[in-house]
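What TrEMBL annotates here:
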ACT_SITE  D118  active site
ACT_SITE  D306  active site
DISULFID  C131-C135  disulfide bond
DOMAIN    100-413  domain 'Peptidase A1'
Amino acid sequence: MYKSKEKLTIKPSELSNFLTNPTYLFPENMKVFILLAILGLASAAVHQHKIQWRESRKMESLRSGEYAAYVEYQEKLRSASPKMLASLPQKVNDFGDYEYLGNITIGTPDQSFIVVLDTGSANLWIPGPTCTTNCNKKSKFDSTKSSTFVKNGQSWVIRYESGDAAGILGEDTVRFGAKGESQLAIPSTTFGIASKISADFKQDATDGILGLAFTSLAVDGVVPPLINAINQGILDQPLFTVFLEHRGALNNVGGGVFTYGAIDNTNCGPVVGYQPLSSATYYQFKAAGFKLGSYSSTKAAEVISDTGTSFLGGPTSVVDGLAKAAGAKYVALEGIYTIDCNAPPGTLDITIGSNVYSIQPVNYIVSIGNGKCVFAAFRFDSGGFGPAWILGDPFIRQYCNIYDIGNKRMGFAPSLQK
């Protein structure tokens with residue numbers, strides 16, 4: 001460490017040299033520290049992205065009694081389009097099932113959008129000016145109004161379980177956060193400009209999707225915005241933390257925080273443990289068992305952490321066992337488990353590595369209004385391909401999830417709910 005107490009004086013003749021190279025008056029070892037500090041301040045950052053909670057379309061339709069018709073519609077779609085559905089990824093998001101939204105801007109000057117922050121996909125797309133059908137109430141990106149836009153022109157198509165989106169690629173500066181707030185700017189980011197979106201997206205409160213998974217999952221191998229930020233050295237650490245607040249009764253209220261570049265020590269307690277990723281596509285890892293009350297399953301399973309799924313999803317036999325132990329009853333017409341809103345079934349325990357993570361009933365018994373509640377789990381049979389479980393929002397509300405991209409592992413810390 002530099003310990004000299006001599007007063008630093010700069011002669012007028014030395015001023016120009018000092019301004020262009022402020023370390024030249026210091027000893028060599030001190031220069032190294034100053035340069036490292038300057039470079040660190042210039043190239044790395046931590047950014048907190050505040051998010052909003054809104055009721056998913058799934059929950060809205062359950063409350064209104066329309067969900068059975070939606071399930072029937074999906075089954076008819078599967079029957080009508082078996083070839084298309086056969087080509088889908090092993091796990092596809094039904095984006096009627098998300099609840100947490102964030103603001104981003106694209107271009108110079110900023111153009112604002114509301115997007116789903118989704119760890120279960122890897123592409124960013126928003127509507128463009130040529131998107132008319134199903135896009136009328138959405139914000140659209142106009143490349144002619146951005147001085148930093150770079151034309152790409154490659155076409156893309158992303159197919160989901162009940163629809164699709166398509167358009168061309170472009171490149172511009174993407175900023176996480178709303179205009180006028182602190183933002184994480186990521187220059188030279190490739191994203192999709194949609195000319196077509198399916199009817200499923202028409203009534204959504206969102207403009208598009210911001211995928212946060214690995215490049216290997218991205219359609220056409222497009223580098224996701226967050227991976228691009230890491231590759232450019234923009235973040236302090238190559239990771240992000242997700243803190244989701246307990247559900248509230250109002251839409252468009254504070255829903256939590258995504259912290260990019262650091263572990264969130266404000267909203268999350270000490271890290272309980274880390275688990276290596278078994279696949280760096282989704283955030284996929286192994287779980288050793290599931291337990292609730294008198295029921296337990298000790299069969300090891302591949303699971304994924306997914307902010308874009310509002311329930312837990314797992315094999316029919318295991319989910320049925322957990323639901324029965326909780327006192328929930330399956331309603332085949334809607335594909336849900338109903339449960340007494342005041343039921344005291346105890347914790348739902350998930351063993352990951354050598355640690356047991358307990359989900360409290362407040363996070364897995366969900367009100368759908370009119371005094372009715374559901375057990376927040378659904379049947380998800382992967383057929384032996386891909387992950388067997390989806391650990392959605394009930395798990396992430398209970399435990400902050402740390403997506404450690406650099407070390408290819410997941411970390412879990414108790415959520416400090418207020």
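Glycine residues also receive a Cβ, built from the backbone N, Cα and C atoms like all the rest.
Cα to Cα, D118 (active site) and D306 (active site) are separated by 7 Å. Annotated pair C131 (disulfide bond) and D306 (active site), C-alpha to C-alpha distance, rounded: 28 Å. Mean pLDDT, taken over the domain 'Peptidase A1' (100-413), works out to 92 on the 0 to 100 scale. Ranked by how many other Cβ atoms sit within 10 Å of their Cβ, the active-site residues D118, D306 place D118 at the bottom. Reported as a whole number, the C-alpha separation between C135 (disulfide bond) and D306 (active site) equals 26 Å.
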